[in-house]
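Worksheet: one structure, shown below.
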Amino acid sequence: MDEGSADAGASGRRSRARGSEAVARSAALERLRAIRDGGARAAAAVQVRIEAPIYDTVAEEDYAALVARRRKDAGAFIVDDDGLGYADDGREEDWTHRTIHSSSDEGSDGEDGAPRKRKQPRPQSKRPPQQSAAAASLSAAAAMMGKQRLSSMFTSSVFRKPGSDRGRDSSLAADSIVDDVIAEFAPDDNDREERRRRVGRVCAPAPAPTTTAHIKAENVAVDTAMAFRSDNVFEAHEVSDHGNDMDMELKPDVEMEPKLDTPLGASAELANNSNSLEEPKQEANGEVKIEKVHRLNAKIKTEDSRNGDMASATAGWMKICGDGDNAGGEGAVAANSNTGVDESSEFELKDGALPFYILDAYEEPFGANSGTVYLFGKVEVGKRFHSCCVVVKNMQRCIYAIPSSSIFPRDTISRLEKNSTTSDSSPSLRASLHELASGLKSEIADKLSDFNVSNFAMTPVKRNYAFERTDLPNGEQYVLKINYPYKDPALPTDLRGQHFHALLGTNNSALELLLIKRKIKGPSWLSISKFLACPATQRVSWCKFEVTVDSPKDISVLMTSTTLEVPPVVVAAVNLKTIINEKHNVHEIVSASVICCHRVKIDSPMRSEDWQKRGMLSHFTVMRKLEGSIFPIGLSKESSDRNQKAGSNVLALESSERALLNRLMIELSKLDCDVLVGHNISGFDLDVLLHRAQTCKVPSNMWSKIGRLRRSVMPRLTKGNTLYGSGASPGIMSCIAGRLLCDTYLCSRDLLKEVSYSLTQLAETQLKKERKEVSPHDIPPMFQSSGALLKLVEYGETDACLALELMFHLSVLPLTRQLTNISGNLWGKTLQGSRAQRVEYLLLHAFHARKFIVPDKFARSKEFNSTKRKMNPDTEAARPDEADPSIDDEGHHVDQGKTKKGPSYAGGLVLEPKKGLYDKYVLLLDFNSLYPSIIQEYNICFTTVDRSADGNVPNLPASKTTGVLPELLKSLVERRRMVKSWLKTASGLKRQQFDIQQQALKLTANSMYGCLGFSNSRFYAKPLAELITLQGREILQNTVDLVQNNLNLEVIYGDTDSIMIHTGLDDISRAKGIAGKVIQEVNKKYRCLEIDLDGIYKRMLLLKKKKYAAIKVALDGSLRENIERKGLDMVRRDWSLLSKEIGDFCLNQILSGGSCDDVIESIHSSLVQVQEQMRGGQTELEKYIITKSLTKAPEDYPDAKNQPHVQVALRLKQNGYSGCSAGDTVPYIICSQQDSESTHSGGIAQRARHPEELKRNPDKWMIDIDYYLSQQIHPVVSRLCASIQGTSPARLAECLGLDSSKFQSRLTESDNQDTSSMLLSVIDDEDERYRGCEPLRLSCPSCSTTFDCPPVSSLIIGSSSGNVSNPNEGNDASINFWRRMRCPRCPDDTDESRVSPAVLANQMKRQADSFINLYYKGLLMCDDEGCKYSTHSVNLRVMGDSERGTICPNYPRCNGHLVRQYTEADLYRQLSYFCYVVDATRCLEKLDQKARLPFEKEFAALSQTINLALMEVQKIRDRCAFGWVQLKDLAISI
């Protein structure tokens, strides 16, 4: 048998094997044909309209031949999908059976799960019925997705099958239906575009799981909020087919799909225009009617309504970019100018030494290069400045051994020095000193040998010590100086011996020694002598030039007669755009934008026209495609066009993230930038960049180009537990060594006071530009079109430009350079906000120059990171090994939760304010730099103050020799005074330069006191800090006494360094005259202290300590007035914008000067209007946003479940967003679920949502209006109106639509009137005296009914009303009880209901005991209505003049004080009330003799019943110490 017949035979056998099902199917087809050809049309027959044949009818032999031909051509029919198993073998599958397929890429089609199979199209062949079933829903999909897509051709009536029941059970999303149909055809360009979109949707993570619903033809509701979600997942509703063949179409003027180049970050804004969502509903005629359904009860700003008068940041950048002026051209030449200089170029030498301008320095603390310091800066070569690295080798440790007193006896030393002519420089003296120290040297040598130190040198030197270690002698003495290389191990800090007490300097870094010993103070010109240029093959850096010196003594500060030019620097602003990999919950980079500014001045500010001029800027962006996808059509051509137009590569397209990172590093290396700039670049961009380089296995010769040191191993990038402000982690700073890091996020927090420090907020408030926010979830859908991706490029470059512009706007580089030059630390540390290190280095330079041994800096220890501080700040005799281990390299305190302590000594004096509204002029006078002035005034210094052994505050120094601190401060003050004199005559940029210099001097001087009182400071000295604050309190009190007693003026408030004087005058000139008189009287008492007029207030509202608002008048005589707020809720960021606006309105009304009635009426009507707008959904969503800062990482909060901002941060972090670290500001809104039975289900923290969550799910959440009215608006307004007559918290609550009864607080003005000061004896009216007391509640012995027992005095009151003549007819229950002594509900004949004397006494005692227990529970509650923190624990923190135990634990978020909920006075009043209830004798005694007679007999009989109870409760009350006065405390024994 030949091959063809064999195949035919096999086919025949297979066809016969198809069995009864195939035969039945053939029979059914025959009946169908008969019906179609005009056969009997019975009523029961199925009516099927067939416009074209479904199957071909062929003979069995023809079918076998067809199968054989298919099998033969199977290989050419379809490609085997790279071996994934999808191929056609020519067989026809039985569609009535389910089959298992190896391909997971193709889903099932229809309810029977048949595979989608590709066939060669033939004119006579028809699509299987299953495709018709899928097409039944296609009309809805076409309506939803738009008719311009390829799938719209499938919506014709040919593919609709009436009466199908399958459509009801199908659960295919519209996108899947369209893709399934398209997959049946050969791929074309549109198909590829659709598959790219599908991949983009797969890469875009969904905010919430979207269930696929059925599509219902009679009611197609397209939720545009869902349709425009950033994840682009489509949610459709059910469609059911009916007998009528209904056409579904949308009105042509309704656009249901956003344009591809529309930024999808604006999805919620598009969807929620005018506070509504558009829902299309289909009517009977087949048309879809658009209805608006209100979802979110707040308005969401659209792009058009948002800051119409504010310039677009993107448009601003495009204008700067221009037509290529700043893209290539001179900027590109400047970037590549290094190419014309090679290593053979000669340096510009001066006197044989290399002038080198230092910018940064770095050392490797461990490893083979330990002790090697790398200096990075600029050198001049060929009339241009280029980068250079100076490698300083052979650094030596410098350790001081403090000998015992027997080594260098004082009398022996005195005799030797007297005999010596030139002190310790005399050879004979040095020989004698070596001889005296021979035993010490021998012991030290043995110790060094034990630690494998073989090469060392020792010499006796004279040094001073004046710091806090009590085990070391103060004053000048001889010590043993030890030098040995850094490559050898460090000696232990606690090493001691027979001949020495301690070793100091064991852990000092090589970099610190180099800066201090060589007197290098920040960016400056150095002279490098005896250097050796390194060839390119041996270099350890990426700098253009590199030299090596073998000794640090070859480096010195360059001293020239002429001032050398300060070299400009190259600044590169970097911005990354990332997407979130939900599987691993990490950020992946999709684009990186860099804007480079060449020749940036660092010695003076730069105007925008200077740094934006032609040739100053260059830019480029690197973008990669998403994994498994391709770039949109046309993007490659657009990239080429842009590059050609710019003359350089401004847009590079890469195939993978690894290629993107390589390209970025290469471009950064070409720029050779000195400064990296970015917004939150420390906390996000660099961290993501380096982690992705690590994950993508970018080679070390590439990723190390982010810095200037060549590296082979990436350092650890973990941030650890450092508090915010320390900037980037040590690992990141190690990677970028050689380049300065300017984070505008950190700088803005230091220099500005803003609600939020996001780039969007700062661009709006500081730069007056509107920034487009693009979240990681918005980016994947943008890969659908080239236009959207080009927008993404613009957004990335715009963000980089905004960070650059913010840096220039704040003059960050000139200001931080001045601070660094004053302090003498590293510029990079100053840029990272290391304020403590600035003061530390300032003192290190000062004390080293005076031959002092400085205190050791204790490094952090891992094993002690989470433990409490070992050194008790109250103990002066703390040993050095008990120092706080939580000091990091920058001197920042590690947040350790509850172990964190406040100051352990009293702070500044804060006087009790005279609260109220003042409508006459109020003067504010304050001392200029009080604490630095006190240091100078009283010569307070480490070297002059004698510390007391008992730990008490030391006395003022008697020494006339000026100490180091006063001398240092004096020089700073004189320099600032000189600069300010220059400032008066300067103009333009020179004026700005002087202003920056005087600001830097002021900041440095004012930071001096902080290092003394900060327990983690290297120069911490609690006795000095205590002495300074004590003098500050005395000075303020003396000033108040002088003003009140000598000048007869009223001081209404005082705080630390300032006082407020109420003049009682309406004439501002006379008020100024009073101020001048006060200044004259105060200043003549002091030498360095100086008080000055700081403000004149026309009207003031003084609420409480540190909280006031006033209208401030300009001091220059102009009529300018502005409202100044201190400590009010409106200036705190943890209140919503809505509450701040209402608070400002109320404040303006109160300070307006209008009548009290008009002010109250205006406030009440405004509150009514506001609550109506809020409940009506007319308030903008942005006004509900509350912002709070994270003080630690969100996962480190022990009470995270109760903190709204922490819950939001945890949710954001889980979804991969940035901005969730310690120090970040988190915005949130308190919401309630729309579909929840209870609108307040869950706590406040559980109902807090990020604003973007509301915009993405407007149909799920709604604003909790009641929360904002009761917790945000009411507390603010009630506190402002507390001193205004005519309103109350209950009345304000009523205006806000709240339950006024909830605001009838028992704790009424505890600040104004202490309940303990109210004497019960002076209040004659019992109702007033015992107002608020709980009644005596008795329980019936028979029926157990509880009822209130009236006072026995009710008998007299009731009888006076006419009930005494016939008591049995009296209707007063009070009178009936005392006469019946029975339960009011029980009949008189029931003896069991009688309240016996024992029952009355026992029940009264039990209730008295319950109130005593309530008192001893000691419940404390914060008096701040916005806080209401309650606790049973006592907080022993001391702040200012507040009593110990009264500081709210929520400080500094809350400035309230803890007050007892149930005080001694409350308990005594309650017990007194119980006595009053049963004291019949006292009631009779209060009556006149004539009025007493009718009641004596009745009361005498009643006394037998109540005397037992009275005696019991009186005994309890008399034990209460509150009711007694101790005379011994009032009198003095003689």
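Using the three backbone atoms N, Cα and C, a Cβ is placed for every residue, glycine included.
Long-range neighbours of CYS1386 (Zn(2+) 1 binding site) (same chain, six or more residues apart, CB within less than 8 Å of its CB): CYS1340, SER1342, CYS1343, THR1345, GLU1392, SER1393. According to DSSP, CYS1386 (Zn(2+) 1 binding site) sits in a coil region rather than a helix or strand. Here Swiss-Prot flags CYS1340, CYS1343, CYS1383, CYS1386 as Zn(2+) 1 binding site.
Under 8 Å, Cβ to Cβ, and six or more positions away along its own chain, CYS1422 (Zn(2+) 2 binding site) finds LYS1428, TYR1429, SER1430, CYS1448, ASN1450, CYS1454, GLY1456, HIS1457, LEU1458, VAL1459. Marked as Zn(2+) 2 binding site by Swiss-Prot: CYS1422, CYS1427, CYS1448, CYS1454.
The feature compositional bias 'Low complexity' is assigned by Swiss-Prot to 1-12 (among others).
Per Swiss-Prot, the feature compositional bias 'Basic residues' maps to 116-125.
The compositional bias 'Low complexity' annotation in Swiss-Prot covers 127-141 (among others).
What Swiss-Prot records for 864-882 (among others) is compositional bias 'Basic and acidic residues'.
Sequence annotations record features per position, and here Swiss-Prot assigns compositional bias 'Basic and acidic residues' to 889-898 (among others).
Positions annotated as region 'Disordered' by Swiss-Prot: 1-23 (among others).
Per Swiss-Prot, the feature region 'Disordered' maps to 96-141 (among others).
Annotation comment: Swiss-Prot describes 864-905 (among others) as region 'Disordered'.
Marked as motif 'CysB motif' by Swiss-Prot: 1422-1451.
Positions annotated as zinc finger by Swiss-Prot: 1340-1386.
In the predicted model, residues of the zinc finger (1340-1386) average a pLDDT of 67. Taking the centroid of the Cβ atoms of CYS1340, CYS1343, CYS1383, CYS1386 as the Zn(2+) 1 site, the other same-chain residues with Cβ within 8 Å of it are PRO1341, SER1342, SER1344, THR1345, ARG1382, PRO1384, ARG1385, THR1390, SER1393. Taking each of the binding-site residues CYS1340, CYS1427, CYS1448, CYS1454 in turn and counting other Cβ atoms within 10 Å of its Cβ gives the largest count for CYS1448. Ranked by Cβ neighbours within 10 A across all protein chains shown, the binding-site residues CYS1343, CYS1383 are led by CYS1383. A Cα-Cα distance of 44 Å separates CYS1427 (Zn(2+) 2 binding site) from CYS1383 (Zn(2+) 1 binding site).
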